[in-house]
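What Swiss-Prot says about this protein:
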ACT_SITE  ASP88  active site, nucleophile
BINDING   ASP123, ALA194  substrate binding site
BINDING   CYS280, CYS282, CYS285  Zn(2+) binding site
DOMAIN    573-648  domain 'PUA'
Amino acid sequence: MFEIKARDAMGRLGVITINGKKIETPTIMPVIHPNPKKQTVSMDLINKLADVVITNSYITYTTPELREIAETKGIHELIDFKNVVVTDSGSFQLSVYGDVNVGPMEIIDFQEKIGVDVGTILDIPTGPDVSREKAESDLLETFKRAKDSIKRRKEMGYKLALNGTIQGSKYLDLRQKSAEVMGKMDFDIYPIGAVVPLMEDYRYREVAEVILNSKMHLPTNKPVHLFGCGHPMLFALSVALGCDLFDSAAYALYAKNGRYLTAEGTLHLEDMKDLKSFPCTCKVCSEYTPKQLFNLEEKEKTRLLAEHNLYVTFEEIDRIKNAIKEGNLWELVEERCRSHPKLLNGLRVISKYMDFIEKHDPVSKKSGFFYTGYESMDRPEIYRHKQRLERIQYDKIYVTSVSENTSKPYHENLSNVPCDVDVLIKDSVFGLVPLNIDTMYPLAQNEVPDLYDFEKKYNNEFVSEFREKHTEKILDISTYNYYINHYGKKKDCDKINPDIFRIGKMLEYQYGAKILDDELMGKVKSRRSKNTGRIRNLLLEKEVLFTLRANDNFLIPAKYGAELLHEKLEFPNYRIVIDSSVEEFARAGKSVYSKFVKDCDHELRPFEEVLIVNSDDDLLAYGTTILNGQELMEFDYGVAATLRGGIKK
């Protein structure tokens, strides 16, 4: 069972529950050697740091003394780990040696027998440089084994969860096919396999595309494991692309070669020995100088270096979790991807997939938008803004430029004449910013440095396309000046209240429909904050309809605002339909759980304001969705939406 608690980009801070044990994602599974004598780092440290580990059931199976202990006392006792134990099935050995001495069903039976929490099918790992024919043949065999493994578990009543590995080599259509076929089977976790050769060759562009083409066709309610990814420099990007789990033997393997892991890359202990101190404050790096560690006996040096590598690996995972909570994962990704040019290639290629990524990215975040480089132009916040500009119902449009020194929000720093013309400011980062919505996230909640000329020109084509699309509504400067002069001479009773006009446009941008019709425009009133002077509420006959949330200026409905949205928005827009059995809980303002969602607006994005209705479209409650439209239909565990209030009968 998998539940999302917080999110940013496609990264998910979640909880996986297996056999009553909980794993917080994203996380790393240290690779544990099933033979305790060959384990580099003590299990006391592993138990302290990790919720989950991965070990090899094939080595256990083929080593008589290990097999005997595992079969009599269980895998947890063998490796001395009490929480979740995942096992590989021998696929790695198959990829290295070309053959294994165990059958697909035999290894499933063994993993169940030794009490594994999550087992793995004996799939066929297919490297990146094989022919297409070979990749297709291997994939068909993996499908057969996967189907047989699921059948075996069901027929035998096995309790172990199962990994269903996605294969397909470097062929993206085969990765898509693999995800589609495997995704329809009842697997619990979906590892993306055979990417280690790509990572070893720094082919991060291909790694990113393999992840995305797999994710696009996998069920959203199951965790995704990036098999063999153990270097912390790749974690942030992989999490942002939707990977929840990683496994690492790198902490030990790198230590044996004297390699010192950091979140930005790999250093060599020999090259560091003349430094006064380490660039790390973990227990090992605090107790030893580089020279002291380098001069230790080889076995002890390897152990301590492996401990550092493990510490820094978990430190990066914790940093990513915090970035998800704070809403600045993209900034961390951009920082990490600048640590190596090949990793930057991985970041740049994802712009091709922004239509997919945007569906999973929250509509609002705790942190503002920080522009850290040219790649920031392709972030989902900007992509979404450009799409949602078309939601606004324009009558007359005037497009203009402002000085680079003009502070945001623009409308507070320009001598703009209030009228019913939509004034759009050309913006180097966001393309076009309508003055009437310029306080909404992320249009005012951003920090951008001085840009190079080529960056300033990035959105020229977008602006030209917008002008061409709306050419009949575009006013030139002469027409605009004439119009505002004429408008200014109107009697006050004939003029539109600029605050109400502004709120109307904000509602169109946020909800995709005209919420304030002409009749309502004349009845509603705005209320400004006494402290800031900014619009704070929209009221109708002294009842609050909407409150403008201070941090992002989104319009948050109160009870009467929810009823107005329900009246103005066509079904199923901005709705979550729930089962009749929990109607009263919704009316009482209780959270909506995923298993009770019957239908929804499939275009919902995470953290949008939603209406909770029954199958007859009766309004029951209103609140905020945690999940997007696809997830609402696929998740069957955890909270789907938190409620702000219920509607009593």
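Using N, Cα and C of the backbone, Cβ positions are placed for all residues, glycine too.
Compared over the binding-site residues ALA194, CYS280, CYS282, CYS285, the count of CB atoms lying within 10 A of a residue's CB peaks at ALA194. Fewest Cβ neighbours within 10 Å among the recorded positions ASP88, ASP123: that distinction goes to ASP88. Residues PHE278, PRO279, THR281, LYS283, VAL284, SER286, HIS308, TYR311, VAL312 surround the recorded Zn(2+) site, their Cβ atoms falling within 8 Å of the Cβ centroid of CYS280, CYS282, CYS285, which are themselves excluded. The DSSP breakdown of the domain 'PUA' (573-648) into helical (H, G, I), extended (E, B) and coil residues amounts to 17 helix, 30 strand, 29 coil. Across the residues of the domain 'PUA' (573-648), the predicted structure has a mean pLDDT of 98. Separating the Cα atoms of CYS282 (Zn(2+) binding site) and ASP88 (active site, nucleophile) is a whole-number distance of 30 Å. If you measure from the Cα atom of ASP88 (active site, nucleophile) to that of ASP123 (substrate binding site), you get 10 Å. Here ASP123 (substrate binding site) is positioned 40 angstrom away from CYS285 (Zn(2+) binding site), judged by their C-alpha atoms. Rounded to a whole number, the C-alpha distance linking ASP123 (substrate binding site) with CYS280 (Zn(2+) binding site) is 39 angstrom.
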